[in-house]
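Database features, via TrEMBL:
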{"type": "TRANSMEM", "residues": "85-103", "note": "transmembrane segment"}
{"type": "TRANSMEM", "residues": "110-132", "note": "transmembrane segment"}
{"type": "TRANSMEM", "residues": "163-181", "note": "transmembrane segment"}
{"type": "TRANSMEM", "residues": "193-226", "note": "transmembrane segment"}
{"type": "TRANSMEM", "residues": "246-265", "note": "transmembrane segment"}
{"type": "TRANSMEM", "residues": "285-306", "note": "transmembrane segment"}
{"type": "TRANSMEM", "residues": "313-333", "note": "transmembrane segment"}
{"type": "TRANSMEM", "residues": "345-370", "note": "transmembrane segment"}
{"type": "TRANSMEM", "residues": "382-401", "note": "transmembrane segment"}
{"type": "TRANSMEM", "residues": "421-441", "note": "transmembrane segment"}
Amino acid sequence: MNNSILLVFWTIIGGILRFTNLGAKSPWTDEFATMVFSLGNDFRSVPLNQLISLDTLLQPLQFNTNAGISSVISLLLEEDNHPPLYFVINHLWIGLLSHLGVVENIDITIMRILPAFFGVLSIPGIYILSSISFRSRLAGQISASLMAVSPYGIYLAQEARHYTFATLFVIASLLCLVVAIRKIKEESVIPYWLVLVWLLANSIGLSIHYFFCLTLISEIITLIFLYNIQPHEKLSNLKRKNYYRIFLVIIGTFCTGLMWLLIIIPKGYGNDMISWIHPVNNVLYFISPPFQLLAVWIPMISLLPVESSSIPIVILSGLILLLFLIFLVPYILQEVKIGLRDKKFSLPLIVLISFISGVIGIFLTITYLARLDLTRGARYSFTYFPAVIAVLGGILSIPWHSNSEHKLSKIYSIILLNRKMGFYIVWIMGLLGSITVLLNLGYQKYYRPEQFVDIFQRTVSHDAVIVTTHQSLVQTGEMMGIGLELQNNQKLTNTSFLLIDKNSKDYPQEAETLQTIVENTKEPLEVWTVNFKDPIKLKNCNLDTKKYPHIDGYHYERYICN
């Protein structure tokens, strides 16, 4: 089959998978942040410490014709902890759709289109990275096929966030790294256009997500590692010139990073939005990060219904994945050994594996030394995800390039028939994993408001108030998730909401607002507390002692008041 046609085929497959059921999963707090800020709206427009209607709660999700790019940028710098580039592009995208009359109301499907599109672009992107790195179109095709069906890639693409956009620039930066190292190895000069492209990719990457800096730090670690393992000879003028040009990239990128650093430090990075990254302060937190990383690595290539409600299915899925790993790890290690003996494969394998190891080392260093567990956020692995797919593509292409005998046990010769079968097994497992994600049996959202609303609608028998304590826009997003589900179901839309400001100096008095509302209501009233931070005592109210199901992201209690 023609090389271009095959790449188009993988891209179409990846596009179908990424756009299937795009709006099926309910948005969660981070996605609400994307929606609100991209529209140029402000979470602070939602009143605190007073009873509000569903329409008032969801007001920040409405089109704002008065908002421009400057509004988006200023809001991001004041209220959020991300650089504004993606949000500005999303704002322009929404504005275009509105101008063309394509959409009248914003919904989560519209907001997920751009990430899904960028996710599709990563397929030809990874083809370019892998084919140039390994000087093999076959390696590029295998990488593209793996990216097309990657469960992790589909998970990122169906999030209304900036991770797939950042992934494109991780690919671009890695490509520049590989080409620059090859130039040094082959004793040819690094052209200035490569310096400029590399610097541009790094600067844009930092303008999309601050964690892109982890990619850049690992690239520096990789360069230092490769410099130290090569024979130390007197630097020729050519090598000195190349190192100077790499130094230009580092300095230019550092200046971009410093600019963002000077912007975010006065604003106070985080705004209580990263408090969920628990410090490593007990035995569980000490041992969990490596396992959390493993839980990210496996879905990069395969995933089965481990989040099914059926325990037997979960157990069976876990066993199949375990058997897959038992097969895959020795197979990959054997192919790596063969590849390292091949001049064509050895350099890109060393570069990409060193890079991946560097990022993982940074993750663990920050987790254990800075006491911020980055391994809890699967999405942060976008910083090295393309490198994993590229290196796997290269490794799985080795059987087509090498005639070396496979020295694994007889069981492998029975399973594989020949070494090339390894790719087909990995790809089929990837396809099964992508279907698992699309059926919401894997990579479920962190918050499940649809489950809460289902229980709420089946249980509530009087007028109701849903109340939470408010610390940041995270809690507003949690309530918006519930509100949007109620609106979509067009039931109980007269439900009221109350967000009590936890940060207020008068918090104890503000918390009494709920008691006042209960006392001033003549009709029977139900109070549903959601993620309420403190014990609650309400006069004339009885706690419903019925045991309700656990719901991800929502700890709730029901009070019946007379």
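Please read every residue number as a count from 1 along the shown chain.
Cβ from N, Cα, C; glycine included.
Under the criterion of 3 or more C-beta pairs below 8 Å, with sequence separation of 6 or more, the transmembrane segment (285-306) and the transmembrane segment (246-265) do not qualify as touching, having fewer than 3 such pairs. Within its own chain, the transmembrane segment (345-370) has Cβ neighbours under 8 Å at 133-134, 174, 177-178, 181-182, 185, 214-215, 217-219, 221-222, 225-226, 280, 286, 289-290, 293, 336, 339, 380, 383-384, 387-388, 390-391, 394-395, 398, 401, counting only residues six or more beyond its boundaries.
Listed as Cβ neighbours of the transmembrane segment (421-441) (distance under 8 Å, sequence separation of 6 or more from its ends, same chain) are residues 17, 20-21, 24-25, 142, 145-146, 149-151, 154-155, 158, 299, 301-308, 324, 327-328, 331, 335, 392, 396-397, 399, 415. Highest Cβ pair count under 8 Å relative to the transmembrane segment (382-401), across stretches 193-226, 246-265, 313-333: 193-226. Between the transmembrane segment (193-226) and the transmembrane segment (85-103) there are at least 3 Cβ pairs closer than 8 Å, counting only pairs 6 or more residues apart in sequence, which means the two stretches are in contact. If you look at the transmembrane segment (110-132), the same-chain residues 6 or more away from its ends with a CB under 8 A from one of its CBs are 7, 10-11, 14-15, 18-19, 22-23, 27, 31, 34-35, 38, 89-90, 93-94, 97, 103, 139-144, 146-148, 153-154, 156-165, 167-168, 171-172, 174-175, 178-179, 386, 389-390, 393-394.
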